[in-house]
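Structure first, commentary second.
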Amino acid sequence: MRKWYFILLAGVLTSVILAFVYDKTKANEEGSGDYLYVSPNGSDQNEGTKEKPFRTLAHASEKAAAGTTVMIREGTYHETLDVKHSGTDGKPITFRNYENENVVISGESVANAEYETPLIRIHDKHDIAISGLTIQDLSVSSEEATAIGIYVSGSSSHIAIKDNHIRGIKTTADEGNAHGIAVYGTGSMKDIRIEDNTVEKLTLGASEAVVLNGNIDGFTVAGNVVRNNNNIGIDLIGYEGTADKNDYVRNGVVENNTVYQNSTYGNPAYGDEYSAGGIYVDGGHDIEIKNNTVYDNDIGIEATSEHKGKYANAIQITDNKVYNNAYTGISIGGYDKKRGGTSNSLIARNIMYRNDTKGLYGGQLLLQYDTKNNTIEKNILTAGDSRLFIGNDFTENEGNTVNHNVYHKEADQDGIWMWKKKEYDSFSSYRKATKNDQQSIYADPMFRDEASYDFSLDPDSPARPVIE
């Protein structure tokens with residue numbers, strides 16, 4: 001009798017355990033605990049489960065605690081998302097699309113505002129992730145207002161913005177402002193990650209598609225596509241008065257991005273100027289810009305400071321492909337004597353190919369006002385129609401090292417080099433007068449297929465011993 005009793009008891013316990021495991025698994029899948037669900041067909045009176053989802057992003061944001069993933073079901077949400085709570089270390093709060101469903105946050109119904117108007121706002125929060133969303137169609141008409149797709153501000157940290165598509169954010173004011181992704185370190189920020197997003201077709205006025213500004217220490221901008229915008233693609237800014245202290249972006253990496261067709265030409269804030277950088281460091285420090293593909297912008301990559309007496313310092317611009325940009329390929333130094341400059345930076349192993357497409361005499365490499373103690377080496381430069389390899393129309397140029405570069409020699413084409421306002425129409429006269437490029441060569445680098453922008457070198461390329 002006792003034997004059968006224990007067998008029966010064991011069976012009951014097993015059933016209870018299995019039921020508990022099933023219920024726990026079902027709860028995790030459906031929203032009780034780690035997951036909340038939102039759907040256009042839901043109700044904020046629901047429980048937030050998969051079967052009974054919430055209706056609004058706002059309600060989900062109020063309910064989401066550390067470790068919660070808010071699964072957003074397919075549809076268009078005509079509302080803004082204000083992230084209300086922080087996650088914790090190892091337990092972020094995540095807002096993302098469910099599986100591969102198409103989730104759109106639309107600004108079409110957002111009232112025209114007078115100040116910052118973001119579709120997603122993260123202020124003074126930490127351990128937050130935004131992923132897999134399309135953020136679009138927000139417009140402002142006032143010069144005092146700024147339309148923003150995703151806006152991070154205050155002392156936020158450990159923020160991940162990944163796999164989103166941002167488009168159609170715009171200002172219609174001639175001197176207005178708009179951003180796709182804007183991170184403003186008004187307080188102390190760290191660990192900001194912007195990865196694998198597409199940011200396109202923005203009307204930006206005087207602002208930038210993707211910007212980090214102020215007191216930000218530690219960031220990654222990687223794998224993004226930034227294209228077809230009417231101002232700067234990616235901007236890293238300091239010294240604008242955004243933060244009370246440490247007012248400059250620093251200690252970050254910008255890598256593996258594809259940035260193209262960003263131009264201010266025709267933008268009412270600039271008129272007929274070609275002044276939009278694909279990637280721009282304006283007063284940042286200790287930043288790596290590497291392995292990016294940057295083409296068909298006004299300026300490929302630029303590093304300087306727009307503020308007198310300030311510098312873009314310790315910037316490493318390496319292993320980038322920079323081609324067919326309107327004004328110049330890579331630029332350092334301020335655009336006039338009222339600006340700051342570039343110091344202690346490295347430009348190495350880049351391809352600068354047929355930039356200066358508008359004949360603006362920016363060449364492939366441009367040194368402007370106040371450049372000092374920079375190293376320019378192991379690059380391959382192919383001139384455009386202007387035939388200018390290096391432009392340097394300022395004498396404020398000291399301690400810069402230029403050597404071990406390859407200048408592409410082409411049949412029946414001469415090159416031009418400029419240094420401290422003096423122009424040289426032969427490689428030998430340029431080297432003799434400036435003492436630059438003593439171990440550099442003027443030769444055909446033998447690209448594998450330059451017509452297809454494949455700049456890998458043939459095995460017998462004379463460039464190999466110089467740059468490798």
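Any Cβ shown, glycine's included, is placed from N, Cα and C.
Copied over from Swiss-Prot:
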REPEAT    216-238  repeat 'PbH1 4'
REPEAT    284-305  repeat 'PbH1 6'
REPEAT    397-420  repeat 'PbH1 8'
SIGNAL    1-27  signal peptide
Inquiry  = Can you work out which residues elsewhere in the same chain, 6+ from the ends of the repeat 'PbH1 4' (216-238), have a Cβ less than 8 Å from its Cβ atoms?
reply    = 180, 183, 185, 188-210, 246-264, 266-267, 269-270, 276-285, 287, 294, 297, 305, 310
Ask   = In terms of Cβ proximity under 8 Å, which residues at least six beyond the ends of the repeat 'PbH1 8' (397-420) contact it?
value = 333, 363, 367, 371-383, 386-391, 426-427, 430, 433-434, 436-445, 462-463, 466-467
Task = Kindly report the helix/strand/coil residue split of the repeat 'PbH1 8' (397-420) according to DSSP, in that order.
result = 0 helix, 12 strand, 12 coil
Note = Using DSSP three-state counts, the residues of the repeat 'PbH1 4' (216-238) come to 0 helix, 17 strand, 6 coil
Request  = Take the repeat 'PbH1 6' (284-305) and count its residues per DSSP category (helix H/G/I, strand E/B, coil), listing them in that order.
outcome  = 0 helix, 15 strand, 7 coil
Query = Can you tell me the mean pLDDT for the repeat 'PbH1 4' (216-238)?
reply = 99
